[in-house]
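Asker: Residues or ranges marked as ATP binding site in Swiss-Prot (evidence: sequence analysis): G48, V49, T50, G51, S52, G53, K54, T55. As annotated by Swiss-Prot, domain 'Helicase ATP-binding' applies to 35-192. The annotation domain 'Helicase C-terminal' is assigned in Swiss-Prot to 439-605 on the grounds of sequence analysis. Summarising the annotation, Swiss-Prot assigns domain 'UVR' to 634-669 and lists sequence analysis as the type of evidence. Taken from Swiss-Prot, the feature motif 'Beta-hairpin' applies to 101-124.
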Amino acid sequence: MTDPGYVEFPGSPFQLFQPYAPAGDQPAAIEGLVQGVADGLMYQTLLGVTGSGKTFTMANVIARLGRPALVLAPNKTLAAQLYAEMRDFFPKNAVEYFVSYYDYYQPEAYVPTRDLFIEKDSSVNEHIEQMRLSATKSLLERRDTIIVGTVSCIYGIGNPGDYHAMVLILRAGDRISRREVLARLVAMQYTRNDADFTRGAFRVRGETIDIFPAESPELALRLTLFDDEVETLELFDPLTGKVRQKLPRFTVYPGSHYVTPRETVLRAIETIREELRERLSTFTNEGKLLEAQRIEQRTRFDLEMLQELGFCKGIENYSRHLSGAAPGEPPPTLIDYLPADALMFIDESHVTVGQLGGMYRGDRARKETLVQYGFRLPSALDNRPLRLEEFEARMRQCVFVSATPADYERQHADNVVEQVVRPTGLVDPEVEVRPAHTQVDDLLGEIRHRVARQERVLVTTLTKRMSEDLTDFLAEHGVRVRYLHSDIDTVERVEIIRDLRLGVFDVLVGINLLREGLDIPEVSLVAILDADKEGFLRSERSLIQTIGRAARNLHGHAILYADRITDSMRRAMDETSRRRSKQLQHNADHGITARGVNKAVRELIDGVMAPATTHDALEDAVPLAALTDEKAMAREIKRLEKLMMDHARNLEFEQAAAARDALTALKNRLLLDGVR
């Protein structure tokens, strides 16, 4: 019996929450993509305009085909938005989030001109690390899995064979000694800590072993042994100690994607020594004695650490030896964890495909310098992201999703499905060209008209200087305006967009930050200054994407300020006009009256964790707005963690839960912030 609002399809493990039936072009798009996959097409393109419900279409295709899926987005902000939406559509299935877990990342580098070596430095976001581990666990355990990720998925994460071979399967009644369980946990990179019980740790009290799985957000496992036999397995809350569920069986997954069996490490040590001998011989023959001394000293230290501890700092640079791969072979990535029949969706593909192709070259240039000057062995070059052709060789059946497909999608797609008609009946905005020499004064007048109707305005300029000057000019004339620029971090950017929707201010000025995936139904006017200056920011695709920001409003309008009409402008205006004509015709044929979008304003990462709540018990907490840098946030996180544990020790569980919720809110704020 399916719950109300849920839809199931024959042979599919997914339960799709569908509060409304597909409408507009959605039914035809869903049918076309499903048929294309069934026909064995490798590449398809969903050409979906802004606001046409592309995510809903993707969700329907996944649910109907019943296969695991990987959805790639060009950045963490859009990945979080997609993740939240997919969680809404599939609340009963495994929707996972796989992005870079670095809050801060400074790669190892050498600058020969200054003889400057820069050590690797990074800060790992534990919450995202837990979500990455949860993603691979779901792929190995269940078919109803959807992973939402970024280009982080083409970076090496450890061999899936080694990872799967290291799991610890526990069943009630199994014969296993306490010593064997502890040895297996240590080999899986869990740490024993009887005092501070956190994710990736275990503690021992007599015959009872508590394990906090690395991929679990909130529940731990209690294993009770009697006479070298598993007596009970229980899931419990680590904070309160309350038992939630008794289990007949539990699988403990490794504490890291990079776990390696001991025999593999010993084998790798021998091959690293062999490569070191070859490299020393090369440097000596070339008279590079400094480089020879440098590589010998660094590598021998790493070998000693591997021998004694099983890992070393920068172990990823020896990944080729640990995986047993041949020189030049690509590293194992998340894509190797996907089943052969999985689906792939590349959202905003005109941007994402370019990123997939560009990651390898930048990484290679930096590492070649390290190898040349004796900081790393040549095998370090194989610790790298996939090249585009390697990614293509590993791709599953794929759908490119974009309002403006690029040349790559056009050349590869066997089937192009258009989704131009919106379910709401909204049509693409009218596009108007006005003279550039009076653009600022004209824009001010237009802004006042829109503000009087309580609507919002987006303005895009060509340079940072012009954005700043325009923002100052508008502010001097009484306009509530903000400026969005590249120095603003991800979380603050999300808050600015949220404030625009809430009406804290009316006009947002930016350069290249107003294009893909910004969902702002309140925006009725998009103004593009200097639209006739040909280049990346005024290309056909950029113009169509920017014009599309006004397509979610009933009174959507776009003004291009230009003294001449360029080829890019002409093509963008023709395409917008074609779509608008098709939409108006569809509305007329079906008697549809366009209606505006009323979308609740919510935190972008809603659904990643429970919504934050306020509690009187935390009156001393620092307001989120006051935490402007990483150090302040780190201090507040430590303070809240200590407060939570103090309350728990004193059996003040309500206050402990309040501190935990405040901690969750703060970690949510940090969640989107990262490098890749």
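Glycine is treated like the rest: Cβ placed from N, Cα and C.
Distances, neighbours, how buried they are, the whole picture for these features please.
Answerer: All chains included, 24 other C-beta atoms sit within 10 angstroms of the C-beta of G48 (ATP binding site).
The predicted model assigns the domain 'Helicase ATP-binding' (35-192) a mean pLDDT of 91.
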Asker: I'd like to know which of these binding-site residues, S52, T55, is least surrounded, judged by other CB atoms within 10 A.
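Answerer: Each of the binding-site residues S52, T55 was scored by Cβ atoms within 10 Å; lowest is T55.
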Asker: Around the ATP site formed by G48, V49, T50, G51, S52, G53, K54, T55, list the extra residues of the same chain whose Cβ is within 8 Å of the site's Cβ centroid.
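Answerer: Not counting the recorded site residues, we get T57, A403, Q419, R422.
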Asker: By DSSP, how many residues in the motif 'Beta-hairpin' (101-124) are helix, how many strand, and how many coil?
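Answerer: Within the motif 'Beta-hairpin' (101-124) the tally stands at 3 helix, 15 strand, 6 coil.
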Asker: For K54 (ATP binding site), what is the secondary structure by DSSP, using just helix, strand and coil?
Answerer: helix
Asker: Quick check on the domain 'UVR' (634-669): DSSP residue counts for helix, strand, coil, in that order please.
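Answerer: So the domain 'UVR' (634-669) is made up of 33 helix, 0 strand, 3 coil.
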Asker: May I ask you to report the DSSP-based helix, strand or coil state of V49 (ATP binding site)?
Answerer: coil
